[in-house]
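**Student:** The structure under discussion is supplied below as structure tokens; questions concerning it will follow.
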Amino acid sequence: MSKTLQAVRGMNDILPDDAEVWEQFEDIVRNWLHSYGYRPIRMPIVEPTPLFKRAIGEVTDIVEKEMYSFEDALNGEHLTLRPEGTASCVRAAIQHNLLFGNPRRLYYHGPMFRHERPQKGRYRQFHQVGVEALGYEGPDVDAEHILMCARLWDDLGLEDVQLEINSLGSSEERAAHRAALITYLEGHKDSLDEDGQRRLYTNPLRILDTKNPALQAIVEAAPKLADFLGEDSLKHFNGVQTFLKDAGLPYRINHRLVRGLDYYNRTVFEWVTTRLGAQGTICAGGRYDGLVAQLGGKPAPAAGFAMGIERILSLWQECGGQAERPTPDVYLVHSGEAAQRAAFRVAEALRGTGFAVTLHCGGGGFKSQMKRADASGAPFAVVIGEDEAAAGEVSLKPLRDGGEQIRVHMDALPETLADRLLESEEEDDGSI
Ligand code: HAM
């Protein structure tokens, strides 16, 4: 027998029990985004490879070793499965002239792809909700992003989530810092690990992000970007902090927060938790004022962030978050050919008046159908046997609270069902 096929390593199926939780999360997120005035945008999952090279940076981990890139066998185009959404969102905004005269608040969600080593909370196909505010210059929008995250964590009941912020300044300030950093690291060249040696001249800032304990002392004493920030950058950063303080939101300034994508300037932030092990960053983002111009658009400032849905949902569950399983209002049971045909009509009529109905399919005796009805979680079964079908009636059988079974005319069913559902809801609430 041939071996059964498996999903690609690091790419997960989301089975119904979990997928229902995802859908509820997506509903909450959609309402939350609308309440802040963000509008949806949907971009393709595959983009031209040069888009990510230009946006994210040639010497980043993502571009150097994590992209699913391939040549289209039919026309030789170089394509990549998107590793993130910001580049695509900005490309789309430029291509469709979305920024003409108007700033835009946008959001997207969907799968992203990075060829990383899979572990808990780190996958090769993962999902993000991303938010981008294009055309906004001031610290107000940076603060809005941070505060809106805090509200979502609150709405979801997430605990142990900390906010870290930093300012990466302007490109000139970073260049001055970079030069000072290279000079400093050259003085410690022999102590650097292989990654450090490799990055010394290509991406020295990333050395500050090293997890290698042997390099901590060197990193600790390295020149800090904060000391190179000019007046405008400081003013912007202070502005963000004023809004956060006004809102009473605690944060920590982490001077070593540099992010793994090259497009950032000024404000960057990460939301981290200690409750998910090594992959504790649940959400991250910042300002990227140069990206629109870098991708060929008329210069426009911008800021945004993205959260990892898998990580947020694991934390949600860790913190006792529970999704309600959606159940039908009715499970429709039938026996005999005429009854089955009537059942189709009744089911459609009920759906037409707004009820959720699962119609039994696949045959089987009354007893096994009733078992399915029970398992569906529906509060009522509608039963149509030969008798009922001949009389143009149905039996309405309560499945949860031991109430009485009644027989009603098919035409009267929607109204009767509405009344009975209301009664059982009131009983559940204790209002009767
Ligand atoms: P990022 O930090 O690369 O930023 O990813 C954002 C979030 O996606 C991370 O904080 C994490 O929760 C989740 N994530 C990243 N990689 C994985 C993975 N392999 N498995 C599971 N979850 C993952 C960006 O992608 C930027 N585009 C964010 C942004 C938007 N900046 C401005 N606008």
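Numbers run from 1 along the shown chain.
Using N, Cα and C of the backbone, Cβ positions are placed for all residues, glycine too.
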**Student:** For the L-histidine site that TrEMBL assigns to E84, G85, T86, Q128, E132, R259, Y263, Y264, which of R114, R117, R252, R275 is also named?
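**Tutor:** Checking R114, R117, R252, R275 against TrEMBL: the L-histidine site match is R114.
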**Student:** Those binding-site residues, E84, T86, Q128, Y264: which ones have a Cβ sitting under 6 Å from ligand 1?
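**Tutor:** The binding-site residues passing the 6 Å Cβ test are E84, T86, Q128.
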**Student:** Is Q128 (L-histidine binding site) helix, strand or coil when read with DSSP?
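**Tutor:** DSSP assigns Q128 (L-histidine binding site) to strand.
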**Student:** Near T86 (L-histidine binding site), how many other Cβ atoms are within 10 Å of its Cβ?
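**Tutor:** For T86 (L-histidine binding site), the count of other Cβ atoms within 10 Å is 26.
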**Student:** Long-range same-chain neighbours of Y264 (L-histidine binding site), Cβ under 8 Å, sequence gap at least 6?
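**Tutor:** Within the chain, Y264 (L-histidine binding site) has Cβ neighbours under 8 Å at L168, G286, R287, Y288.
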**Student:** Among E84, G85, T86, R114, Q128, E132, R259, Y263, Y264, the annotated L-histidine contacts, find the widest CA pair distance and round it to a whole Å.
**Tutor:** 21
**Student:** Looking only at the domain 'Aminoacyl-transfer RNA synthetases class-II family profile' (1-326), what is the model's average confidence as pLDDT?
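**Tutor:** On average, pLDDT over the domain 'Aminoacyl-transfer RNA synthetases class-II family profile' (1-326) sits at 95.
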